[in-house]
């Protein structure tokens, strides 16, 4: 069993079944989720016999840190984790002012296969379990603790399509936001999706208050189908209706991400079409100039084209931002997460890079 399979009540029941006092449950959860201790041996206020029982029956930890790499500006750190089956996933820590945002992966690889995203080019291998998602935060929290800091925001924008691993993602959100666990406000948690309609509708009924982001990337279904194969399954009109439903039920504004690709979706006409598509919606468009990926012929638009695109949106009263690229020098920017060099393990290949501090 994994430790994340236990909430307080389940842990109390487990302790009683193994002849232990129930008050240990609060101690154990505090060690793991508040202190970031992922070793039974280091839980000093537990008896040796209890620690041995825990070690025998409950797995801890589930991720092994292979390496972490820091960007030149020291504002982005990419972590490479090995799972117990040998597969590898990545997380990114973004330092911005007082914010400490972690971009977590929800799958090994990604089934969406977006034309401009490195993760999608690698194919899909498997879903992550809730524990494997949660521990990305716990281990980075432990890494930050030496600086007296902790994770403040979580974005499900790493490897994978979160809503195609629905149960694990929702379970991880509940743990990360629970006051007795990581206590990260749901308003500081963001889930990104390419537009899995049934997942969006289901999420709107969960009673969660997380932010929802649609990876739109095109002003119409015709272009979207070309750059996002998943779009063939989900008509744009249905996706937008489900996003509206989410906004209405959760009272949360929604965000549309739009990767600008030179000569594909960056013309002023595309901007006018996008403005018409989103007219009347309480939303923000987050423009992302394409981050180059080796082997792909796609290009980032010129600054003039980006400025013109934004001007059209502003003129149509569409709130928009242009994301400042962070971590592109270490392959940690939006769309760049991928693993590029096999070392004999199963699943995705290992990232080719030099470990920070080596």
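Cβ coordinates come from backbone N, Cα and C, glycine included.
Database features, via Swiss-Prot:
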| type | residues | note |
| --- | --- | --- |
| ACT_SITE | 90 | active site, proton acceptor |
| ACT_SITE | 334 | active site, S-methylcysteine intermediate |
| BINDING | 110, 114, 117 | [4Fe-4S] cluster binding site |
| BINDING | 160, 161, 192, 215, 216, 217, 291 | S-adenosyl-L-methionine binding site |
| DISULFID | 103-334 | disulfide bond |
| DOMAIN | 96-328 | domain 'Radical SAM core' |
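A map of Swiss-Prot features onto the structure.
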residue : record                               : DSSP class
90      : active site, proton acceptor         : strand
103     : disulfide bond                       : strand
114     : [4Fe-4S] cluster binding site        : coil
160     : S-adenosyl-L-methionine binding site : coil
192     : S-adenosyl-L-methionine binding site : strand
216     : S-adenosyl-L-methionine binding site : coil
291     : S-adenosyl-L-methionine binding site : coil
| message | By the count of other Cβ atoms within 10 Å, pick out the sparsest of the recorded positions 103, 110, 114, 117, 216. | response | 114
| Just how many other Cβ atoms lie inside 10 Å of the Cβ on residue 192 (S-adenosyl-L-methionine binding site)? | 22
| To the nearest whole angstrom, what is the C-alpha distance linking residue 217 (S-adenosyl-L-methionine binding site) and residue 117 ([4Fe-4S] cluster binding site)? | 12
| request: Could you check which of these recorded positions, 90, 103, 110, 114, 117, sit within 10 Å of residue 291 (S-adenosyl-L-methionine binding site), going Cα to Cα? | output: 117
| note | Cα of residue 160 (S-adenosyl-L-methionine binding site) to Cα of residue 103 (disulfide bond), in Å and rounded, measures 11
| field | Nearest recorded site to residue 110 ([4Fe-4S] cluster binding site) by CA-CA distance, among recorded positions 90, 103, 161, 216 | value | 161
| remark: Smallest Cα-Cα separation from residue 216 (S-adenosyl-L-methionine binding site) among the recorded positions 90, 103, 114, 117 is shown by 114
| field | Residues satisfying Cβ distance under 8 Å from residue 215 (S-adenosyl-L-methionine binding site), sequence separation of at least 6 | value | 114, 192, 193, 194, 195, 228, 257, 259
